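Worksheet: one structure, shown below.
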Amino acid sequence: MGQVVLEQYGMPTDTAWIWYCLMYMAVLYVIFVSMSFVALEYFRHEGSHGAHDAHVPASSTDDDESSDDKSTAYEKAPATPPHVQGGAVSIDVTPAQSFIPVTLAFRDLHYFVPNPTKGEPDLELIKGVSGYALPGTVTALMGSSGAGKTTLMDVIAGRKTGGKIAGDILLNGYPATDLAIRRCTGYCEQMDFHSESSTFREAFIFSAMLRQSNDIPTATKLAHAEDCLRLLGMLNIADKIIRGSSVEQMKRLTIGVELAAAPSILFLDEPTSGLDARSAKIIMSGIRKIASTGRTVVCTIHQPSTEVFEMFDSLLLLKRGGETVFYGDLGTNSSHLIDYFMRVPGTLELQPGYNPATWMLENIGAGVEVKQTNDVDWVKVFESSPEYKQLQDAMVIHTQPREGIPELTYVAKRAASSRTQCYYVVQRFFRLYWRSPSYNYTRFMLSIFLAILFGLCYHSVDYTTYSGVTGGVGLIFITTLFVGIISFNSVMPLAVEERASFYRERASQTYNALWYWLGVSLAEIPYVLVNSFVFTVIFYPLVGFKGNFGDVFIYALLVSLFVLMNVYFGLLMAYSMPRLDVAATIGVLINSIFFLFMGFNPPTSAIPSGYRWLSTITPPKYSLAVLVAQIFSKCTDGGRGMGCATMQNVPPVILTQLGKDNVTVKEFTEFMFDMKYDDSGKCVLVILCITVVFLMMVLLALRYVNHQKR
């Protein structure tokens with residue numbers, strides 16, 4: 001029996017071929033290992049993946065900073081006036097100003113997280129921290145690793161997704177609502193996540209248009225975006241694609257995107273992380289300029305250089321455990337800070353030219369090297385100091401509403417209208433796909449390659465024989481499988497890459513997840529259609545399928561629906577799973593089950609009745625069924641269609657089961673694979689419904705799933 005089956009498919013039956021095949025695979029193994037060695041030894045691929053510069057002015061260089069001192073110069077804002085305990089810096093508010101200066105105050109803040117040891121009390125990461133930040137000043141949050149400086153800033157900025165918060169956060173003396181915090185603040189994360197297919201100017205405009213109030217004219221928003229580019233010294237690279245930019249450029253972009261939103265308060269998490277001394281100074285100079293516009297700036301920083309440290313106005317210093325060690329003005333050349341520490345017995349001597357920030361951290365045991373161990377309780381020292389008394393007096397002022405200083409109130413959850421959100425988000429996705437040739441070009445070329453490869457292999461197949469029909473059904477199965485898998489695997493890396501910037505923008509209430517979903521859904525359609533139609537135009541005639549223009553068009557349209565279904569399934573995996581490798585693994589597992597029950601091998605008629613329900617709920621089954629039916633089950637009354645031909649070499653057992661001496665291709669296909677032409681409409685409807693279900697699940701994942709835990 002086995003020999004007969006092998007002969008039907010033209011396979012050799014001599015047992016010697018077993019050894020020939022084993023030897024062939026062994027030779028291939030040696031060849032592939034050798035080629036891998038050569039590739040690793042002699043080939044090196046670097047650079048960005050995808051598009052590069054959209055447009056770079058001729059005067060632009062890799063080092064985009066201007067050579068004159070103006071690019072790094074800064075105008076230091078005045079320190080807190082001595083006659084007002086914690087008084088605000090005077091800021092002139094012009095009618096054209098797009099933000100309201102805000103005094104930020106936080107009183108007796110505590111933050112608890114669940115203890116991993118069951119039955120134990122919650123862990124307290126922040127312990128009764130109080131402080132304030134004024135318009136026109138830059139306040140530093142410093143401390144040792146694990147002191148809770150980033151945690152404190154996340155709590156103040158409303159970015160914590162778990163844990164319990166106790167205490168008061170106030171804006172201009174009024175209790176801060178979650179909406180007010182998110183609408184009036186900008187938050188620059190330590191990691192620079194952006195949609196890297198945009199240009200720097202487009203990123204600034206995107207932020208300005210979606211995060212500034214809908215009442216502000218478009219021209220004003222665009223002008224503000226240009227002002228932000230100018231303020232941060234980025235005009236020379238404004239039209240450069242973000243992908244492939246330097247770390248320092250990405251840092252400025254992160255700051256600029258938040259600044260373009262015209263926030264009253266700007267939070268920055270380790271803005272100089274990963275930068276050399278020169279780049280760190282450039283970044284801090286930009287931050288200093290931002291503060292001089294009247295904004296309140298708060299940033300965490302770890303062991304800054306002397307030059308960078310002197311750009312700060314105030315300091316909140318924490319010890320490990322989240323307790324306050326010092327809060328107050330730094331003074332000129334850190335004189336106030338130095339005077340405070342020198343008053344404490346046992347303090348290390350500050351050597352001439354030594355960095356005050358490093359010296360301060362070493363004294364509290366938070367430096368890189370602990371040079372001296374002392375028993376000073378720095379928390380108690382601060383609580384008994386005049387600086388603590390000044391803080392308490394200032395808190396009385398800044399935790400009460402003051403005459404002439406408005407409360408920040410917002411009605412809408414997001415600044416921009418739904419129409420504006422939709423336009424800019426969808427536009428960005430179409431730009432993303434156009435500027436990602438590595439994504440579209442790869443699947444486009446693979447589709448052409450597969451169409452030609454399978455076309456040449458099946459060019460002279462006789463589709464009226466038993467082996468020809470089963471081979472033809474297998475051909476449709478394997479080609480749709482490959483095209484679908486390519487699209488499924490290709491879309492996930494792109495979606496996961498963009499997901500990071502989506503989380504950042506969602507936290508800032510930049511736009512509704514609905515418009516992000518709409519953008520990614522629509523952007524795929526034209527590329528899928530072109531890809532599928534090009535594949536079909538090459539594949540259909542080359543393999544010998546017969547039909548008119550309408551038949552080819554319908555086949556291409558059905559392939560497009562199948563590919564879209566796989567793309568949206570890939571998006572679902574990318575947005576619902578925590579990492580790309582997890583999404584790919586689970587996707588392979590699910591697809592393996594799908595492929596097993598698609599109805600080709602085993603054919604639908606051979607699937608045990610107890611497992612038929614798995615075949616019924618397998619989405620790709622319906623795509624395969626309608627594609628096969630269009631080719632082999634179509635037989636019109638006029639005798640048109642490949643399904644009308646009488647089959648040859650049909651196994652007698654099948655003829656017996658059908659009770660006929662001869663069967664047509666249509667009868668055989670419908671009996672063996674249960675793929676009926678009359679069911680085509682129902683199959684298409686099921687495909688559309690499944691695609692819509694996948695799309696709805698993608699929307700739910702975007703709306704409710706967040707793998708960025710803070």
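Each Cβ is built from the backbone N, Cα and C atoms, and glycine gets one as well.
TrEMBL does not curate its annotations; it predicts them automatically.
Here the structure is a predicted model, which means the values were calculated and not measured.
Per TrEMBL, the features are:
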- 104-345: domain 'ABC transporter' (DOMAIN)
- 51-87: region 'Disordered' (REGION)
- 17-40: transmembrane segment (TRANSMEM)
- 441-461: transmembrane segment (TRANSMEM)
- 473-492: transmembrane segment (TRANSMEM)
- 513-540: transmembrane segment (TRANSMEM)
- 552-575: transmembrane segment (TRANSMEM)
- 582-600: transmembrane segment (TRANSMEM)
- 684-705: transmembrane segment (TRANSMEM)
Over the span of the domain 'ABC transporter' (104-345), how high is the average pLDDT in this prediction? 91
Can you tell me which recorded stretch out of 441-461, 513-540, 684-705 has the most Cβ pairs within less than 8 Å of the transmembrane segment (552-575)? 513-540
What parts of the chain pack near the transmembrane segment (513-540), using Cβ distances under 8 Å and only residues at least 6 beyond its ends? 418, 421-422, 425-426, 428-430, 432-433, 440, 443-444, 447-448, 450-452, 454-455, 479, 483, 487, 491, 495, 498, 502, 506, 547, 552, 555-557, 559-560, 563-564, 567-568, 571, 695, 698-699, 702-703
Residue list, the transmembrane segment (684-705) vs rest of chain: Cβ under 8 Å, 6 or more residues beyond ends. 502, 513-514, 516-517, 520-521, 558, 561-562, 564-565, 568-569, 571-572, 575-576, 619, 622-623, 626
